[in-house]
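Okay, structure first, notes after.
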Amino acid sequence: MTEITERIVPPPRKVAGVKESSAEKMARIPIKIIPMPAMRKPEWIRMKVPDSARFREIKQVLRENNLHTVCEEASCPNIGECFSGGTATFMILGDICTRRCPFCDVSHGKPLPPDANEPENLGRTIAQMRLKYVVITSVDRDDLRDGGAQHFVDCIAAVRAHSPQIKVEILVPDFRGRLDRAIHILKAAPPDVMNHNLETVPRLYKEARPGSDYQNSLDLLKEFGKLHPEVPTKSGLMLGLGETDEEILDVMRDLRAHNVTMLTLGQYLQPSPHHLPVKRFVTPQRFAEFERQALAMGFTHAACGPMVRSSYHADHQAQQAGVNF
């Protein structure tokens, strides 16, 4: 468990390119998290140790091309399986986020300007890896006038130029205060799957997603879908932050009301004692029931399980949702 209390935090003085991680990152959020003994992980929470030639090869290629993956930066539990299988979710716009979400292990700080060479590096690297499906995500960039939307477009275009047959899924931030501008910019190079995660239920937004707005996230998915009805829209949630089953079902209904067609539900795992605590471990049986309920609501695809993450087996998810490749 971890004790959580509210507090007033003075604004920090930031230096561009300097990362705040773990305890330092959490020291300035409005919610104070006091580390306490963690819940014991149940037997169904199992992670593969990342140790294979393919795993090491992918890490080397990423470093040589100055690229980042959310798999590494967010300490994803599936990194060993995905890297060993030759897949990765690329994180553009640097590895420093402008927000301090206390469930997330990505570093906070004042980011450096976008790397103008990143789109070309990304396109070349993905072609070198001979990928057929790729997921591109980013940190939040509240410092940019378009939230990073143009950089997404540049990266999508470069990837397709190097790999004409590839399918591209993007996992975007909420473009806070820039939603209309970002959606307009994305028209220049729409992805094959549009993903934006709600992360948790609206009651927990102040605690888990400070600076984000539940309705804004729903609007982002709906407005993009209106402009690109041929592109599946996708969202995901973490379970175990203190939500109820009925609240999860309510969010699923909201997603369907906003024409979202793909869903992922997975177990939240605390990255460190300084992050939000796990309040419960959802059983595989309950995840299976959520999946059944999602399909009954009209989702074309639902991936629900303890180790499911938004980009986990994203290529299989897209195929089952009707994306041809």
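Glycine is no exception: its Cβ is also placed from the backbone N, Cα and C atoms.
The annotation [4Fe-4S] cluster 1 binding site is assigned in Swiss-Prot to Cys71, Cys76, Cys82, Ser311 on the grounds of sequence analysis.
Residues or ranges marked as domain 'Radical SAM core' by Swiss-Prot: 83-300.
Secondary structure from DSSP puts Cys104 ([4Fe-4S] cluster 2 binding site) in coil. Taken from Swiss-Prot, the feature [4Fe-4S] cluster 2 binding site applies to Cys97, Cys101, Cys104, supported by sequence analysis.
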Cβ neighbours of Cys104 ([4Fe-4S] cluster 2 binding site) where a neighbour is any other Cβ within 10 Å: 24
Candidate with the highest Cβ count within 10 Å, taken from the binding-site residues Cys97, Cys101: Cys97
Cβ within 8 Å of the mean position of the Cβ atoms of Cys97, Cys101, Cys104: remaining residues of the chain near [4Fe-4S] cluster 2: Arg99, Arg100, Pro102, Phe103, Asp105, Val106, His108, Val139, Asp140
Rounded Cα separation (Å) that holds between Cys101 ([4Fe-4S] cluster 2 binding site) and Ser311 ([4Fe-4S] cluster 1 binding site): 19
Rounded to the nearest Å - Cα separation of Ser311 ([4Fe-4S] cluster 1 binding site) and Cys104 ([4Fe-4S] cluster 2 binding site): 15
